[in-house]
Amino acid sequence: MRVAASTVLLGVASAASFQQQTQHVLSSGYERAQAGMKPLAEQFVDAAGKPIANIEEAFHGMTAEVKALWDEIKLLVPESAFNHSNWFTKPKPARRRHDWDHVVKGADVQKLWVQGESGEDHRQVDGKLADFNLRVKAVDPSKLGVDKVKQYSGYLDDEANDKHLFYWFFESRNDPKNDPVVLWLNGGPGCSSLTGLFLELGPSSIDKKLKVVNNEFSWNNNASVIFLDQPVNVGYSYSGNSVSNTIAAGKDVYALLSLFFHQFPEYAKQDFHIAGESYAGHYIPVFASEILSHKNRNINLKSILIGNGLTDGLTQYEHYRPMACGKGGYPAVLDESECRSMDNALPRCQSLIQNCYDSGSVWSCVPASIYCNNALIGPYQRTGQNVYDIRGKCEDSSNLCYSALGWISDYLNQQDVMDALGVEVSGYESCNFDINRNFLFQGDWMQPFHRLVPNILKEIPVLIYAGDADYICNWLGNQAWTEALEWPGKKNFNKASIKDLKLAGAEKEYGKVKASGNFTFMQVYQAGHMVPMDQPENSLDFLNRWLGGEWFAK
């Protein structure tokens, strides 16, 4: 079952309106977050463990308030959505290859011990790595022409759980022996990071004739970059099972990085940064927390960057109405009556999100996601305006408004491309809507992962940047949650001066920046959801300055 109007954010997903077919739009501490929640389908069992036949049986014993919430959801969601058999379609066929240049076994890495400064022995790399292996293929740059630099591709395998994550690494064009390493993540959830590679910030793009076009403003100009297809069953990644929450995905990413840097210690000594957009506003705080939770690690994490992310729904959802109604710097998309309707819906939405924050329960978080997205994203989406860029209409609803996504998919489905990269699945999809839906019904969408950020700020800098023409994860909401975040530096951050962002030698600014302590917020002008696509030169400028530590706490 594909939910009929889910929103996928190339980085964020939800169900904005179930009544009609529209454009697809893509805890207090880490220990609490790790506890997670059972997927909704797994909760449809009775006391004896027998599957519940339908949602009516699940209501037995619930409070009247909870039942009332779900009565509303039933009006929006087809009964089939709650049928566990519909939750996971058959995965694409995969064929294991054996012509790898390197295979790194997690069990071997886990056996390595070293002596600490005080003389005690400890494992060289913490974490449960025994079930993981990393396969590495040296990519011949001449075969694809994407870039001339050294490249590696391959899979992280979790053999115990039949999970295989695909990655593609590009060395820096400049000084790879000293330049930092960046992990790039798209969101969805369920969208491939190879869309970020070819649509936004990688060494090349793909034109309508499926030809490779060089990108002079690639993020690997001054950094080595890893593009990772995660969670499983996204892009070239595959599994016989599925991942439906952010916490589970974090364990896989930690294992991948640990084994990759073990195989390539020359990169492990460099500074490492995690960057991403949209639903990566969920992923990155969790992934960074997972890495930082391991004292003995070979991942030299120095900062995180989140672009147009969804991180604090309670704060961010308050700013859909202003953005849609002319308060975000662009003309109003909705009329006065629609804006009033959004005003009327907001208190209920905020109450539901607060319920989710307080309880962490699937039964609270799923209604919050569906109601709020229907009430606050749905009206905008039904206008046909691009949810990723308020400046224009959605021109290609079959490709998340961007025809280039279709060209990228066609290119990556060519057999010679898949062979050159060592791909094991039969084909490529830019976004997997099964994963999109499963994360929604896991209750993952409204989880308060922003609560992880204060502890991250104690150790490393955090950059939140936002293109000012995006609707779905708009700059107003991102600015608001950075100012609302409870952390020791809140007062100083909120009163920090706002400065112009300019290219060297330029008279006109391309954005604004505010920084205090380890926290930085940027507004980037004339850019939608995908800032590097809309403003390639400017995004490379702030990336290089960020990696150089310009706004880090001194």
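The backbone N, Cα and C atoms fix where each Cβ goes, and this holds for glycine too.
From Asn83, Asn222, the position flagged in Swiss-Prot as N-linked glycosylation site is Asn222. Per Swiss-Prot, the residue from Cys325, Cys356 that shares a disulphide bond with Cys339 is Cys325.
When secondary structure is read from DSSP and collapsed to three states, Ser278 (active site) falls in the coil class. With respect to Cβ neighbours within 10 Å, the disulfide-bonded residues Cys191, Cys349, Cys365 differ, and Cys349 shows the lowest count. Nearest neighbour of Cys191 (disulfide bond) by Cα distance, taken over the recorded positions Cys325, Cys356, Cys401, Asp470: Cys401. Between the CA atoms of Cys401 (disulfide bond) and His529 (active site) there is a gap of 12 Å, rounded to the nearest whole number. Checking Cα-Cα distances from Asp470 (active site) against the recorded positions (Cys325, Cys339, Cys356, Cys431, His529) with a 10 Å cut-off leaves His529, in sequence order. Counted within 10 Å of its Cβ, the other Cβ atoms near Cys356 (disulfide bond) come to 26, all protein chains included. A separation of roughly 13 Å, to the nearest angstrom, links the Cα atoms of His529 (active site) and Cys394 (disulfide bond).
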